[in-house]
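Straight from TrEMBL, the features:
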ACT_SITE  148  active site, proton donor/acceptor
BINDING   10, 383  Mg(2+) binding site
BINDING   17, 206, 207, 208, 209, 210, 279, 280, 281, 327, 328, 329, 330, 331  ATP binding site
BINDING   91  substrate binding site
SITE      180  site 'Transition state stabilizer'
SITE      239  site 'Transition state stabilizer'
Ligand code: AMP
């Protein structure tokens, strides 16, 4: 059998997403999700050939979840012994200062991911559980860690450095690490492939429930909106994005504790905090129904985006390509239109028809007019495929 596949795992604290991918063609042979791990009401959904198989059962740990996923593969296919399984790709949010690219998991890599839990306390520990469980079940296959931060490891010093006391920053390793790197790398690389050149000044906007902007020269990131953690930058579904740090001191003095502020900024702010909804479809609906909170939330959201596009256009010395991706970027024609309308003075001309009529067969979709000075694209992101490709390259 010549086919080679990669089993991609994205392990969260109470969930585990997976895809079995053929990295060259990008074909997904099967995918699924285990949810509510750690409870007796766990749920595993396995999708193969468009058919969904769902089981509800106790899932005390990730091990039971992965074991049940294996059972679902046995029952519904494909047969993992006959798909040319070459190894595993594990998504890791924080690779800190150690990882500039994907790495085969060994004791040293494992220890470094563990050390970095400090910087990603919600994510890295959960990824390690996924790695440990999969390595226990498949000890003979290579396990590759693919880091969200790797694309930003070589950000220029002037963009990765905060204007914070040097010694404190050094002592606590405080710098801009960025996030969504796998997506920005995939999308900006796809744009370069599409244009057949590596010299473009581009901005990629990953607009999903989490959101970030990235400025790239060709395939290289030069600035990005997420910082030490994925809290900084754009307005997101439930996160504040940029906010005066003095708001933290103020709330502390008013009696809130650190955990409460952390939850407030990460889970109760952004669009949800501004108007009570974090799904953009609901926010638009409410705005159409005349809801003033929804209207203001959309204005704050778009203004923040505009600021970043402006800043990055100046950092890049001009703009050749602007690309939208992720849930909102790929599906929300109105957000794209409203934003691009305001960019007319830098030469952006959006084609209303193209913007509203997606051709799902295309991996790159132009929405600007032929004579637009800035090319505006939609590129559906595919982080799992990017992880599978990085893994197979290393294997
Ligand atoms: P993601 O985090 O990339 O999966 O994006 C999820 C978000 O995409 C949802 O919370 C919605 O806000 C948004 N979204 C998905 N479909 C649409 C749509 N048709 N119109 C507007 N927003 C959408």
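A Cβ is built for glycine as well, from the same backbone N, Cα and C atoms used for every other residue.
Counting only residues at least six positions away in the same chain, the Cβ atoms of 236, 237, 238, 278, 327 sit under 8 Å from the Cβ of residue 209 (ATP binding site). Sequence-distant neighbours of residue 279 (ATP binding site) (same chain, 6+ residues apart, CB-CB distance under 8 A): 237.
Put simply, the residue listed as 'active site, proton donor/acceptor' is 16 Å from residue 17 (ATP binding site) when counted between their Cα atoms. The separation of the residue listed as 'active site, proton donor/acceptor' from residue 91 (substrate binding site), Cα to Cα, is 7 Å. Comparing Cβ neighbour counts within 10 Å across the recorded positions 148, 330, 383, the minimum falls on 330. Note on the recorded positions 17, 180, 239, 281: the fewest other CB atoms within 10 A surround the CB of 281. A straight line from the CA of residue 330 (ATP binding site) to the CA of the residue listed as 'active site, proton donor/acceptor' spans 20 Å.
Around the Cβ of residue 328 (ATP binding site), the same chain contributes 207, 208, 211, 280, 335, each under 8 angstroms and 6 or more positions distant in sequence.
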